[in-house]
Structures are given as structure tokens and as C-alpha cells.
Amino acid sequence: MSRIEEVRARRIWDSRGRPTVEVEIVTETGARGRGIAPAGASRGSREAMELRDGGTAFDGKDVKTAIAGIAREIAPALRGHEVAEQAMIDAMLIALDGTPDKSRLGGNALIATSLAALHAAASERGLPLWRYVAGDEQVTLPLPQIQIFGGGAHAERRVDVQDFMVIATSATSFAQALEMTAEVYRHAGVLMRKRGAAQGVADEGGWWPAFSSNEEAMDVLVASIEAAGFVPGTDMGIALDIAASEFGKGGQYTLGLDNVRLDTDAMIEKLLRWIARYPIVSIEDPLSEDDEAGMIAFTRAAGSKVQIVGDDFFVTRAAFIEDAAAKGACNAALIKLNQAGTVTETLAALRAARRNGYASIVSARSGETEDVSIVHLATGWNAGQLKVGSFSRSERMAKWNEGVRIEEGGAMGFAGAAVLSRSR
Ligand code: PGA
Ligand code: ZN
């Protein structure tokens, strides 16, 4: 038990070279914890709001106001409080902010502070973060979803689908899942060079999607799995993040590449054809965040075959997950700390997923840093799955590498493909 003595905030820079908030908390015994806010590019409209300065500098994305708010209001409020009382600290942050969308002090200020407190509490106990949050519970390393091609908002909308990912379904350890993915990622690069389509990487490190259709990207993904020596559908499955809120609204979906406009039924038909044709095991945000009826219909049609993940659709809110479970929309929830805004609310969303038999995937954002907290939380909370982006660029590799260290250090198991949801 130890009290918070100091809360310090500073501006640092994320993987897109944009400002972000870092908070450091020091306790009276000298234990330290650090939290960094990540940043999304394809954000759900109901996420906790980031506080950005506006104006011309850094395209309006500076965070001086958020940092000033931490110094002026958050630091004095937290000083003297027990650092291990995470729920109380988070409740104080929520009350201090006072808005339903965390827009006054900023979701970025709140999540950085909340995470810093969690890290300081773990450090106070002398435990790695994953072990601290796991307590006495037996936990396993998560099954990774790893991007091979980046698209959508992360690649100037070159293709409509945002993430073309693989899941190493035959891997029996976290380390092996990475080995298998490394080969697929490498062979995808070789294939792109052969096609004269090697054009660097997108925001999360996936190969730039120089394709003329979404299907072509999936064809090359399957070819990459085969070139790496694996059997598509047996060793490696495909996971897609459609991120449909980026091109769909009001039951209308405008696919830029195909130059077509589809209604909800036609969009569902298209996705079902993809599921029939490709070894797809997981689909995220297949319909837009405002298309609840579509989500329910798609879950009814495909939920027994594939994992259907709500991201923008749930924005890591327990109440939205509960509501969707009652209605039969999706069978898995993406879990992002900065969508919720505090550690406690993030955990509540994960528990809501578990309570309803939904799988959970702890996820990074497209704007990331060297921070590796999500790997510890996916493990310690026993989330089952982890999504970090691709297999290049150090803000991604830092996280995969941290998983290797955790797996080596502990005598714990690996979640494996059994955690994929196909429940409904
Ligand atoms: P974002 O996208 O971090 O850019 O919002 C990630 C995702 O949609 O999963
Ligand atoms: Zn998503």
C-alpha cells in the first residue's frame, strides 16, 4: 500500500509522428508507473473523445490542453490517494471530467493517467503488469491476429477493407504463432515485389495494398500462406477488419474500389461469398456502427461459422456489449483502452463479453508507441486474443516481443485457436 505523490504529464510522439499524452506517477515509496495514450484513425463515433488543441500546429493535434488539465486538475486530485485503488482512481477521473464522452479533460489524458496508476501499483508490488492484474488466476498467452496488408483509413483508402490479417490456428505457442506469421509476412513481401507492387507499408506496418480489388488482396494473402508452406484454413486462417463504418452509413455501403453502392443485404451477401471462398475465421465490424439490424442479420447468417467482432460497434462499452448480446449481434468484442477511457471501464467491457459467452480481443490502435501494456493486459486479463497490427515497425514489434518474454518467463499455456468464437 502506497500513496500517490506525484503525477506528471508530458507530450511525446506516436508512430505517425503526432503528439500524444504520457503520464508518469510516482508513489511515496518511489515506485513509478507510466501510461501513454494511443490514437485511432478509424474511430467509432461513441468512443471516449481525445482532447486536441486544434489550430494549425501539428494539424490541430497538439495535446497541450490535455496536459495542462492533468497538471491543473488531475494531479492535485490524485495526490495522497492509494495507488492500488484502481477503481477509485478511475471513478475520480470520470467524476473530475464530468462529461459522458470524457471530452472536457480528454479520454487521452484519462487513459494515460489510469494506465500510469496501474503500472505504478504493479511496480509497488514488484510484479510484472500481467501477473499483477492476473492475481491468483491461471492465465494464458493470447492468440495473435496479425496484419499482412493494411488498407482503409490506414492506407489512403487504397482498398476498402482495413485489415487483412492472419491467425496461426495450428500454433501451439505464442512464439510459434509469431514464427509462422513472420514467414507469411515475408512471403507476402516477395509476392508483392514479383508483381511489381512493392510500395512500402501502411500505418500499422502491413504491406501497402497495391491491389485493384479487395478480393485480389485476399487471393495474394492465401498465396502468401501457401508460399510460406502452410495450409490455408488448417494452419493459418484469415481475419478481416472491414471497418465498415468508414464507408457505410444509414444502411448504404460505398465500396470505392468496386465503385458500387450496396445496401445492407447486398453487403451481407458479399461478405458471405467471401466466407465461402476464403479461409476466413474472423470478421470485425462487417457492417457500420449504426447498422444494428445488419449486425444481427449477419450474425444469424455467419455466426456459427466465423468469429464476428464488434469494434466501432461496441467501442469497449460494457452496456453496448450487454445490449448486443441480448439481441444476438456479434459473438466477440474488440477491447481498446482508449475507447473506454479508463482501465476499470475497459475491464468492465471485457467482463461483459465473457459473461455473455463472447470472445475478447485486446487491441492496439493505428497510432501507437513503444508502450507494451496491452500485451500484459491481454495476458493477465486472460482475454484470449491480441491484435497489434502487422509484423514490422517497432511500435508493433515491441508488443510481439514482449509476448515472447512473458511466455518464456512464466510456465503458462497458450490460448490457441480454441478461443475463436463461433458461438451463435
Ligand atoms: P484505428 O483502427 O486504431 O485506426 O481506429 C484500428 C481498428 O479499427 O481496429
Ligand atoms: Zn477495427
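Start at 1 and count along the chain as shown; that gives each residue its number.
Just so you know, glycine gets a Cβ as well, placed from its N, Cα and C.
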- Note on the structure: For the (2R)-2-phosphoglycerate site that TrEMBL gives as Lys336, Arg365, Ser366, Lys387, the extra residue out of Gln162, Gln176, Gln199 is Gln162
- Going by TrEMBL, Asp241, Asp311 bind Mg(2+); tell me which of Glu215, Glu216, Glu284 is listed for that site too. Glu284
- Query: Near ligand 2, which of the recorded positions Glu204, Glu284, Lys387 are found, taking a Cβ distance under 6 A to any of its atoms?
  - Reply: Glu284
- Message: Can you tell me how many other Cβ atoms are located within 10 Å of the Cβ belonging to Asp311 (Mg(2+) binding site)?
- Response: 31
- Query: From Glu204, Asp241, Lys387, which recorded positions have a C-beta atom under 6 Å away from some atom of ligand 1?
  - Reply: Asp241
- Note on the structure: Its residues classified by DSSP, the domain 'Enolase N-terminal' (4-133) shows 54 helix, 26 strand, 50 coil
- Message: Using DSSP and collapsing to three states, where does Gln162 ((2R)-2-phosphoglycerate binding site) fall: helix, strand or coil?
- Response: coil
- Glu204 (active site, proton donor) versus Lys387 ((2R)-2-phosphoglycerate binding site) - Cα distance in angstrom: 11
- Message: Give me the sequence-ordered set of same-chain residues, not including Gln162, Lys336, Arg365, Ser366, Lys387, with a C-beta within 8 angstroms of the centroid of the (2R)-2-phosphoglycerate site's C-beta atoms.
- Response: Gly40, Ser42, Asp163, Glu204, Asp241, Asp311, Leu334, Ser363, Ala364, Gly389
